[in-house]
Amino acid sequence: MSLDSSRSANSGPQNLKRSFNSNSSNDKGNSSNSKKRKSNQKTLGMAWGPNSLSTSRSSFRSSPFSDFGSYMVEKNRKLQNQFDAEASNSSLSDSSTKPIFHGVSIFVDGFTVPSSQELRRYMLNYGGRFENYFSRHRVTHIICSNLPDSKIKNIRSFSGGLPVVKPTWILDSVAAKRLLSWVPYQLDQLASNQPTLSAFFTSKFSPASEGVFTAAICEVKHATEDLCLKDASTDAKFSEEGEPSEWRKKITEEHDELMRGNTDSKVIEEPSSSYSEASQEVKGVERSYLEQDDESKENNGPQYCPEQPSASVSSHCFDNHSIKGLPHSTALGPSKQRHSTLGDPNFVENYFKNSRLHFIGTWRNRYRKRFPSLPNGFKCVNSHLDVSADTQKTAIIHIDMDCFFVSVVIRSHPELHDKPVAVCHSDNPKGTAEISSANYPARDYGIRAGMFVRDAKALCTHLVILSYNFEAYEEVADQFYNILHKHCNRVQAVSCDEAFLDVTDLEGEDPQLLASVIRKEIFEATGCTASAGIAVNMLMARLATRTAKPNGQCYISPERVDEYLDQLPIKALPGIGHVLEEKLKNRNVRTCGQLRMISKDSLQKDFRFKTGEMLWNYCRGVDNRLVGTIQESKSVGAEVNWGVRFRDLQDTQHFLLDLCKEVSLRLQGCGVQGRTFTLKIKKRRKDAGEPAKYMGCGDCENLSHSTTVPLATDDVEVLQRITKQLFGFFHIDVKDIRGVGLQVSRLESVDTSKQVLERNSLKSWLISASARSEEQCDINGIAKDRVGTDTEGRSMGGNSGVLCTDPVGNSVLRTNNTSNGEGCSNQGLSIPLLCDLDMGVVESLPSELLSELNEMYGGKLVDLIAKSKGQGENSTGSLCFHSPELAKVAVEEAERSRNSDPISLSRTAAEMKGKQHILDGLQTVPDSGAGFNSIAISIQGLDNNDLMPSSLSQVDTSVLQQLPEELRADIFESLPEHRRCKM
DNA sequence: ATCCTCCCCTAC
DNA sequence: TAAGGTAGGGGAGGAT
Ligand SMILES: Nc1ccn([C@H]2C[C@H](O)[C@@H](COP(=O)(O)OP(=O)(O)OP(=O)(O)O)O2)c(=O)n1
Ligand SMILES: [Mg+2]
Ligand SMILES: [Mg+2]
């Protein structure tokens with residue numbers, strides 16, 4: 001309770017976090033440290049380093065990732081806990097058992113007698129460990145029955161040099177009540193072929209050995225772990241025999257076995273045995289992934305082109321008008337800025353081209369285009385049909401590619417498949433580049449996504465670093481989804497490597513069998529493995545996948561949910577990140593079992609309604625979410641929090657312009673326009689030193705301001721004006737800026753139907769404006785436009801006129817009956833006749849509206865305007881002040897102009913002219929009587945001049961200053977308090 | 001009550 | 001050297 005009250009204050013969470021991780025060396029890593037300390041204290045602690053700076057930590061709070069890399073730690077810990085729990089339970093039941101297998105960790109390969117289940121039980125009961133997946137660094141012995149010769153070769157490469165021992169070794173050891181040497185039990189074929197193996201093995205596998213059970217002959221000296229590991233992984237002697245293709249084949253052939261025998265049995269899987277052998281023969285396993293692209297490529301040509309609008313900013317269309325682009329900096333030496341915004345005029349584009357997070361962050365939009373929601377796709381309507389009218393159990397499959405980024409690029413390095421490999425931009429052992437993905441051998445060393453490469457290298461000096469290949473990720477993701485959609489029409493994409501399937505309605509299909517089929521197809525098509533979880537809801541399916549990884553699948557039956565969750569660390573639940581974990585830890589809650597002890601009321605009191613409910617449900621395995629197609633997006637944005645360094649306002653403006661271009665292109669790529677714009681700034685904290693991460697943002701305050709405009713737009717110039725305006729709200733030294741983002745929300749689709757709507761609203765607006773301009777300004781009604789197609793802002797009272805403010809505090813004086821236009825707008829109007837248009841209104845339209853309108857009239861509008869201009873100043877009289885709407889528009893435009901730079905203003909003569917026209921009109925305000933009360937004024941213009949100087953600011957100010965004092969005061973007072981102060 | 005802005009948290 | 005993005009859910013607190 002006290003914890004989340006900290007939310008109310010800005011600094012609350014930061015302080016909280018700081019206290020959590022006073023020892024982080026990575027200013028982004030923060031709270032994950034506490035976790036890491038725990039799970040792998042020594043190495044990780046050293047890797048991350050002791051960290052003195054409490055301040056260093058919260059820096060990258062938006063770094064969702066700070067903690068992400070630790071989930072595998074959690075998973076392992078979870079399994080560990082389960083294992084320990086089971087082991088201790090078992091021990092309790094048979095207190096006489098001795099830890100015969102202490103230090104022994106087996107992996108059962110394929111069919112054995114006794115079964116892997118039984119072997120597992122023996123291990124549990126006698127102090128050993130049982131690995132559900134193969135890891136050369138965790139497994140000490142592979143247990144395997146004699147195999148046909150054809151399989152020996154595979155085993156050899158698969159085993160990576162570990163002892164391959166017959167199951168009777170376990171049985172005999174149990175019978176003897178001590179650990180026997182495994183040497184006599186070595187698999188015949190291997191023993192005869194590889195006489196030298198045993199020497200190697202013996203040195204490598206000293207059972208971890210508290211000397212109590214030293215009876216075994218095999219127990220040689222305690223060779224150091226490091227030495228052993230190094231030997232094992234650097235010595236290619238064993239692995240090189242295995243062809244990569246064979247490895248693939250082996251994986252394929254055995255994945256059924258693994259599913260049934262090992263992974264499945266691991267914890268949860270129902271011992272259903274029927275489906276496993278039913279799996280198809282692998283015919284085309286050898287068909288290389290390289291030849292697989294054909295289908296999808298020809299269909300659509302999946303490609304990741306950061307240059308494409310929807311992916312990233314388009315290149316080459318920028319003039320870099322940064323005249324002083326020479327890299328001289330006051331604070332930073334040239335070398336320091338080479339990779340910053342200061343060193344690269346094309347920074348934004350290049351940055352996004354290389355950003356992995358940008359890739360995964362924008363993937364969803366590309367998916368939307370590639371797989372437009374299918375007509376038969378299930379819409380995720382929250383129809384609470386849940387009344388269990390469905391007697392049939394729902395069946396959900398969650399499927400996720402194993403170490404996706406590594407798996408894809410490792411295909412061209414088959415010799416590396418069992419070596420520790422990670423994908424990263426840099427191989428610099430001192431670098432702060434981040435690991436994107438690490439394969440499972442690398443994870444055995446504690447290497448995780450998000451970690452600095454130097455820390456990863458410290459954990460594993462021979463870690464192999466591979467480069468990104470975004471195009472390949474895109475392509476594999478595409479194949480992945482092609483397969484999923486082929487089997488199921490209820491697919492919910494989670495990310496480029498992960499999805500949920502609702503297979504409830506696929507009757508006659510065993511979900512587990514289906515999952516194995518899909519996994520196999522994925523492997524055959526892509527050469528990459530995927531893991532799957534099957535359960536009755538999304539939550540449990542996802543958890544099952546974690547258990548199943550890598551290259552496995554796991555079914556959690558409803559009966560075993562409780563058992564599964566009881567010891568599960570709460571951090572493993574989706575939705576519980578490091579913050580919630582810490583809060584719960586402070587209440588001594590670490591496992592789902594413990595979480596269940598807390599009442600829902602209590603949780604909702606401490607964690608608020610929704611979160612409390614989520615916690616209560618999830619720790620019980622309850623999840624009411626439905627698998628649905630991707631919903632239409634609610635926001636579009638772009639941000640950069642790396643390499644952002646500015647010297648002066650011009651640097652900043654240049655960057656903001658690029659960001660606007662990027663966002664504009666993305667809006668257009670998504671076919672939407674937006675009305676609300678939010679500018680986010682990361683501001684270096686006063687006490688923050690150099691970021692731990694090279695070119696990183698370090699410890700920052702996160703600031704944001706937003707504004708809402710009346711008409712949705714995707715126009716770069718409009719974005720630019722708005723952005724400049726927003727930037728004015730931050731009274732900030734540009735040298736402190738470490739990150740910038742622009743987000744657009746209140747989106748409106750630009751598809752045909754919406755276009756019609758928009759045009760209608762525009763038309764109605766014009767008509768009603770025109771009509772009203774002939775009445776007297778009529779003030780009545782309460783305008784509250786929720787639908788928001790055309791008006792905006794809130795009524796702020798007043799009789800003769802209403803001062804409205806948009807959310808940012810651009811105050812807009814206008815009459816309430818603005819909404820009349822909107823009232824009509826949804827009813828569909830025919831286009832007003834040209835001659836019915838009020839030219840004064842038309843001329844004062846913002847340029848983008850004008851051009852849109854012009855389109856509606858087939859281009860005749862501009863002609864008409866030209867003619868009306870010829871008539872002299874006649875139109876001026878009606879220009880601004882007969883129509884509140886007109887005034888509104890005029891003021892908005894004037895406001896935009898104020899913050900526009902000279903370049904954009906002069907870009908089109910027509911636009912400039914229009915603005916000047918309006919300004920002229922504004923200057924006549926004092927004379928214009930009744931219409932006067934509908935002037936809009938942007939208050940921030942009053943004191944933005946220092947930050948946003950522009951050629952027009954003086955004009956604006958003078959316009960403002962011409963206002964009667966009374967009105968000015970009125971306007972000022974009507975502004976929200978925080979706006980007034982901030983100015 | 002409901003909307004709005006400004007945040008935080010989470011996932012990949 | 002390095003490329004710490006993107007989007008949704010949700011809540012506090014103020015305005016209406
Ligand atoms: N901090 C992170 C997390 C993920 N990713 C990218 C790389 C991953 O390959 C991909 C998919 O994320 P997953 O969580 O599915 O992780 P992996 O697929 O790498 O491993 P796993 O086998 O656990 O799924 O997203 C990243 O770049 N940085
Ligand atoms: Mg994955
Ligand atoms: Mg994933």
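Cβ atoms are placed via backbone N, Cα and C, with glycine included.
These come from TrEMBL:
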type	residues	note
BINDING	A:D400, A:D497, A:E498	Mg(2+) binding site
COMPBIAS	A:1-18	compositional bias 'Polar residues'
COMPBIAS	A:19-33	compositional bias 'Low complexity'
COMPBIAS	A:52-63	compositional bias 'Low complexity'
REGION	A:1-63	region 'Disordered'
REGION	A:239-316	region 'Disordered'
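When Cβ atoms from all protein chains are considered, those within 10 Å of A:D400 (Mg(2+) binding site) total 22, not counting its own. Every protein chain shown contributes to the tally, and the Cβ of A:E498 (Mg(2+) binding site) ends up with 18 other Cβ atoms within 10 Å. Over all protein chains present, the Cβ of A:D497 (Mg(2+) binding site) has 24 other Cβ atoms lying within 10 Å. Other than the site residues A:D400, A:D497, A:E498, same-chain residues with C-beta atoms no more than 8 angstroms from the centre of those residues' C-beta atoms, the Mg(2+) site, are A:I399, A:M401, A:F404, A:V494, A:S495, A:C496, A:A499, A:A530.
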